[in-house]
Amino acid sequence: MHSNSRAPLGLKFAAIGGLIFLLAPIALIFVYAFTTEEKSFQWPPPGLTTKWIGVTLGRADVWEALALSLKVAAISTTLALIMGTLTAAAVARSRFFGRETISLLVILPIALPGIITGISLRSAFSLLDIPFSTWTIVLGHATFCIVIVYNNAVARFRRTSGALVDAAMDLGADGVQTFLLVILPNIATALLAGGMLAFALSFDEVIVTTFTAGNQTTLPIWMLEELVRPRQRPVTNVVAMAVVIVTVLPILAAYYLTRDGEHTAGSDK
Amino acid sequence: MTDAVTFRGVSRHFGTVKAVDEVDLAIRDGEFFAMLGPSGSGKTTCLRLIAGFEQPTAGRIEIFGERAEGVPPYLRNVNTVFQNYALFPHMNVLDNVAFGLRVKGVGRAERHRAAEESLELVELAGYGARRAGELSGGQRQRVALARALINKPRVVLLDEPLGALDLKLREQMQEELRKLQRALGLTFVFVTHDQDEALSMADRVAVFAGGKIQQIGSSEDIYRRPASRFVADFVGSSNVVPADLAGVGISDQWASLRPEDIILDANGREATVTGTFFHGRVTKLSLDIKGQSLTALIPAHQTTPEIGETTRVSWDPARAHLMEREA
């Protein structure tokens, strides 16, 4: 039901107040990135400067952490895209013993608190004598990245009529051609959306990373360590600002991609 | 002449469910063959066995004399028009139609020219640039047909292709499908649960029930001479009555008597009217003759008796058909 009357004044204030409560702390991060005070967060900032951007760009530890975070996010997302899509295809397309169980088990990592995932992975790695490395971080992140891709892909698979695959085969397309020419174009936007969300989640993950990393420092871990050191604090804020921009953009894009295609592909009557 | 499709003892069981059970079948080259039956009777599974989407659990399938078991759908010279058309939503009409040639590696210009020709065949020339979603049901149906024809199949399978269309469009498409089939000289195998559609379009009809074929024959055979109570009842809701009442046999046999063959006749036998239903062209009468209920269709121009009245009816015993089996 839509009413054409304007919202009451009280409601407007409440909405604006709510938004300020949510967004003001983020705005503060942006402000402190330009403050001249480097040891403590002092309000109002005694002066404004852009020198911290330059300082940040010159710090090798920032670049190393950023490179590691990007690498981990890229590899876990790729892994998740392949495994998540395959699992989704199996669960949505066929019936087999234990299908519902698999569907539940795949989703479990995102329902479990990250700390449980982290602890269990850590003990599993120790038990198997796997040394902590970039790859153990990747495995940790892949557990929840797969869920994101799986959820997106399984919904799209269910909306894509199985008759399309039959039609492609019937017209002479073998398995590979059917996948490339019919299945992939129909699930591509779902995979892109899932992939971007997974990337963003992996990029700012702290808890699982803490448990699965050795002496590797991803960007969020680096920021956590940096906050306890009262030196060049605004550098952390500059990095935080960059992270906000890098993660918000893909999430917005994912939102716009999945918003379209509401109709069920291929089953129109 | 080699038959287009032959089934010898073909079964397709899903666990304990016998979807298709020891079916023997020979579809002749160039005929319009209908598979008629209620849902779950095995007719669609038979079609999928011919297309290659299903493999038989027993028996032998040949398509133009070649063994078809184990041959995947993409290696069979058979194409399908799907129930809900299954047009590719991410392609325009022309690319949909050209898909069969694209996967064969035919160049862009050539396959588009062929697709245009195929669209002309179904009277949709100039619709190539549209998306499937922009077309009406009847137009999608034609696109699906054009797409199935582009690979020049020898057998075209149609899975309830007219089910989603409204009555008027359905009648028009029935006529066009029939014309196209004759003009191209192809074998059409048509699955439907609509007995009128099967009878009016097909050269021969196979009636399915419970995974088995109940009867194969011409439309007239199936209608006039049903082999069993099921066929008599499913095709044209016949009266199944004791043969002695119908006047064609002894009391432990059964006969089929078509409702339209029962006429009001002042010299006929007494019947009590238990119901009247006005249908426009005809009026349906429910009758009771000595405890045996019968249905009669009376042309609308005749005056029909009221419920509860006693009337007199008769039929030509030559119109009644003595059935081979009761079930």
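Heads up, the Cβ atoms here are built off N, Cα and C, so glycines get one too.
Remember, TrEMBL labels are computer predictions, not curated facts.
Sequence annotations record features per position, and here TrEMBL assigns transmembrane segment to A:12-34, A:72-92, A:104-124, A:130-150, A:179-200, A:206-224, A:236-257. As annotated by TrEMBL, domain 'ABC transmembrane type-1' applies to A:66-256.
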Considering the transmembrane segment (A:236-257), which listed stretch of A:72-92, A:179-200, A:206-224 counts the most C-beta pairs under 8 Å: A:179-200
Tertiary contacts of the transmembrane segment (A:130-150), as residues 6+ beyond its ends and Cβ separation under 8 Å: 68, 71-73, 75-77, 79-81, 83-85, 87-88, 106-107, 109-110, 114, 117-118, 121, 191, 194-195, 197-199, 201-202, 205, 208-209, 211-214, 216, 218
Remote residues contacting the transmembrane segment (A:206-224) - C-beta distance under 8 A, at least 6 residues beyond either end: 61-62, 64-66, 68-69, 72, 114-115, 117-119, 121-122, 125, 131-134, 136-137, 139-141, 143-144, 236, 239-240, 243
